[in-house]
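Here TrEMBL flags B:58-173, B:337-459 as domain 'ABC3 transporter permease C-terminal'. Taken from TrEMBL, the feature transmembrane segment applies to B:12-33, B:53-81, B:108-131, B:151-170, B:204-224, B:230-250, B:287-306, B:326-359, B:380-407, B:427-449.
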Amino acid sequence: MEIQPSDLGLVARVAGLGKRYGTGAGAVAALENVSLGLRRGEFTAIMGPSGSGKSTLMHIMAGLDSPTAGRVWLGDTDITHLPDGALTVLRRRRVGFVFQAFNLVPTLDVLGNVMLPFELDGRRPSGEERAVVDALVERLGLGERLRHRPHELSGGQQQRVAIARALATRPDLVFADEPTGNLDSRTGREVLAILADASRAHGQSIAMVTHDPIAASHADRIVFLADGRIVRDTQRTSAEEIATYMLSMERAA
Amino acid sequence: MIARLRTEHAPTLLVATLAAAFGVALLQVTGYLGSAMRADDVTGSSATAALMLAIVAWVFIVIAVYVSGVVTANTVATVVAGRTRQIALLRLLGSTARAQRGAIAREGLAVGAVGAALGLVVGTLVAIGLAEWAAVADVLPRVDHVWADPAVLPPVIVAVLTTWLAAWAGSRRVLAVRPSEALGNAAARSQEELTARRGRTATAATLAAFGTLLLLIGVALGLVTPLGVLVGLVGGVLSFTGIVLGAHAVMPPILRVVGRALGTSPPARLAAENAVRHPERSSRMTIGLVIGVTLVTMFAVAMESYRDLLLAATEDRPDLRVGIEQTVSATVAVFGILIGFSGLIAAVGLVNTLSLSVLQRTRELGLLRALGFERRQLRAMVLAESAALTAAATVTGIVLGTFYGWAGAQAMLGSVQGIPLVVAPSIPWGVIAVLVVAAGVLTLIASLAPSRRATTVSPVAALAIE
């Protein structure tokens with residue numbers, strides 16, 4: 001019997017992953033032979049300079065893009081060759097997203113945006129799910145603003161709404177793509193604290209792509225990518241140490 | 001950039017071409033009929049007949065040009081909404097709002113000129129074709145006619161000027177774009193804009209109320225004199241202008257009701273929200289069609305009421321009835337085709353604005369895909385949105401048109417029999433059926449381009465940073 005990712009305590013896994021754009025001599029490799037397992041309940045940061053392949057890796061792990069080599073699992077599901085329809089349903093039920101540009105639906109109010117994953121799934125949340133959402137809204141300080149539209153909120157508030165939306169369905173994995181990229185440093189720290197709390201206090205698995213050492217220092221584990229390969233994999237460490245390592249990577253390049 | 005400009009202006013080009021071609025064809029045909037009349041011994045001396053033809057032709061040309069102006073202004077406004085980021089960036093780099101707006105108006109002038117020139121050619125060719133057909137089918141004798149007639153140029157010039165003016169009017173929002181919008185994400189509505197909207201609503205309400213009052217006075221006057229129709233006409237124009245101006249307040253409640261009828265599936269609910277939550281956007285999309293459907297229905301109701309009245313008056317003269325029936329039916333058909341053309345221009349406008357506005361929402365569509373909306377659901381959402389907008393516009397137009405048509409018939413005909421007479425509005429069910437079917441077809445056409453986009457948009461598009 002094959003060993004399942006969950007047997008290893010993993011929530012997502014890629015093996016021998018490769019992604020090439022174009023064909024022949026002009027082909028560009030965004031990822032080369034990347035193998036990585038994300039542990040359940042952990043807050044993982046994926047770091048690297050621009051063009052290191054970190055966004056491509058996240059897109060593939062989240063079922064938004066397909067690899068040209070290797071295999072991808074989300075939970076115990078091998079999603080490598082899953083057709084679009086099945087991938088869509090999988091994203092809807094088991095993945096949450098937080099984007100740099102917040103990406104709230106401008107026509108929906110705060111509550112509408114938070115409930116969107118249920119709406120897209122064509123169902124009403126169960127009583128238990130509704131309680132989770134209510135607690136989430138309280139915890140993120142959105143209680144007063146449920147009827148506001150995104151353009152009436154500050155950037156930090158918008159990102160809280162996006163986080164609430166991502167956590168609402170208690171997905172297997174939340175992907176955060178530069179979640180603090182559009183925020184000032186104080187608001188950014190608050191957002192990172194919220195993500196870290198969701199992971200530590202509520203067991204939420206989170207994968208965050210970033211190139212900001214301070215953001216990465218909030219994570220339990222940091223994976224460094226350069227030129228489409230994993231070059232380092234460490235436990236939680238200080239922003240200074242991360243920055244120093246990033247600088248040394250830049251110099252070596 | 002050039003390619004993008006081309007696709008963005010294709011709708012405006014089409015509308016300008018249609019309006020100019022319609023005007024040119026109409027004037028060419030009336031000119032040809034004039035030549036035919038001069039060649040004929042009986043009507044040869046009748047300058048009055050030629051004048052009447054010209055007046056009728058111009059009434060329909062003005063209506064078509066007006067509709068095309070509204071449609072173009074709304075298309076340009078949609079284009080501007082999609083370009084907000086780019087305009088903000090240019091503002092940020094130091095371009096003035098006036099320069100930006102001027103550039104858009106100049107684009108409008110160029111597109112209008114090209115469209116009108118095309119319209120001149122197309123309209124003349126259509127008229128020549130009709131004349132050939134008439135000669136072959138033996139409807140009219142073949143007459144000598146000079147097609148290169150400067151008298152057909154006015155609609156061409158009017159089409160150019162209207163497109164220019166409409167581009168200017170539609171680009172008003174350029175002035176409200178703040179340079180900082182190039183940096184931020186949310187296109188927050190500024191306080192001035194909200195105030196301006198409130199002022200607009202107040203003006204619209206005043207116009208509608210005052211116009212309706214005048215219209216009712218016209219109807220009352222119509223009981224004793226046919227001149228009541230002139231008072232009613234002013235009232236009708238004013239009140240309808242009020243409705244058009246206040247579309248952002250009038251359409252959302254109607255869209256809400258229609259949206260509820262779409263059902264409760266996730267695509268339908270989102271589509272209903274989309275149609276309602278952005279009043280400016282949805283009124284931009286629908287108002288052209290409301291105008292078109294109102295005009296068609298109004299003419300049809302007025303003519304139908306006129307016909308029923310004539311038939312009732314000649315009930316005991318079956319010998320007269322056949323002649324009247326034929327004449328009136330022919331007139332209804334001709335007027336129907338002429339006014340239907342304005343309806344067509346309005347339909348083109350709806351297709352354009354809906355397509356553009358969905359295409360501009362690539363990011364939103366990508367987001368829904370990333371969050372788990374299937375392609376099929378996204379297509380259903382676009383189709384439902386299109387259906388909600390078309391249905392709301394058609395229903396509103398039919399209701400308004402029936403009222404205006406009845407008011408017109410009542411004001412004009414209320415006194416014809418010497419005693420005050422209440423004219424019952426006659427509903428032309430055939431025309432209404434045609435409108436409903438056309439609306440259905442329109443829904444499908446309007447959702448074609450957007451739903452193609454909806455199926456190809458990559459969920460990654462939502463994650464990309466602009």
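Glycine residues also receive a Cβ, built from the backbone N, Cα and C atoms like all the rest.
Heads up, TrEMBL stuff is auto-annotated, nobody curated it.
Note that this is a predicted model, so its numbers are computed, not measured.
The transmembrane segment (B:326-359) shares more Cβ pairs under 8 Å with B:53-81 than with any other stretch in the list B:53-81, B:108-131, B:151-170, B:204-224, B:380-407. When each of B:12-33, B:230-250, B:287-306, B:380-407, B:427-449 is scored by its Cβ pairs under 8 Å to the transmembrane segment (B:204-224), the top-ranked stretch turns out to be B:230-250. Fewer than three CB pairs closer than 8 A are found between the transmembrane segment (B:380-407) and the transmembrane segment (B:12-33), and contact between the two stretches is not assigned (pairs 6 or more residues apart).
Averaged over the domain 'ABC3 transporter permease C-terminal' (B:58-173), the predicted model reaches a pLDDT of 86. Each residue of the domain 'ABC3 transporter permease C-terminal' (B:337-459) gets a DSSP state, and the totals for helix, strand and coil are 99 helix, 0 strand, 24 coil.
Residues 63, 66-67, 70-71, 74, 240, 243-244, 247, 251, 328, 331-332, 335-336, 339-340, 342-347, 349-350, 353, 390, 393-394, 396-398, 400-402, 404-406, 408-410, 412-413, 423-428, 431-432, 435, 442 of the same chain, all 6+ positions outside the transmembrane segment (B:287-306), place their C-beta atoms under 8 angstroms from a C-beta of that stretch. DSSP states for the domain 'ABC3 transporter permease C-terminal' (B:58-173), grouped as helix (H, G, I), strand (E, B) and coil, give 98 helix, 0 strand, 18 coil.
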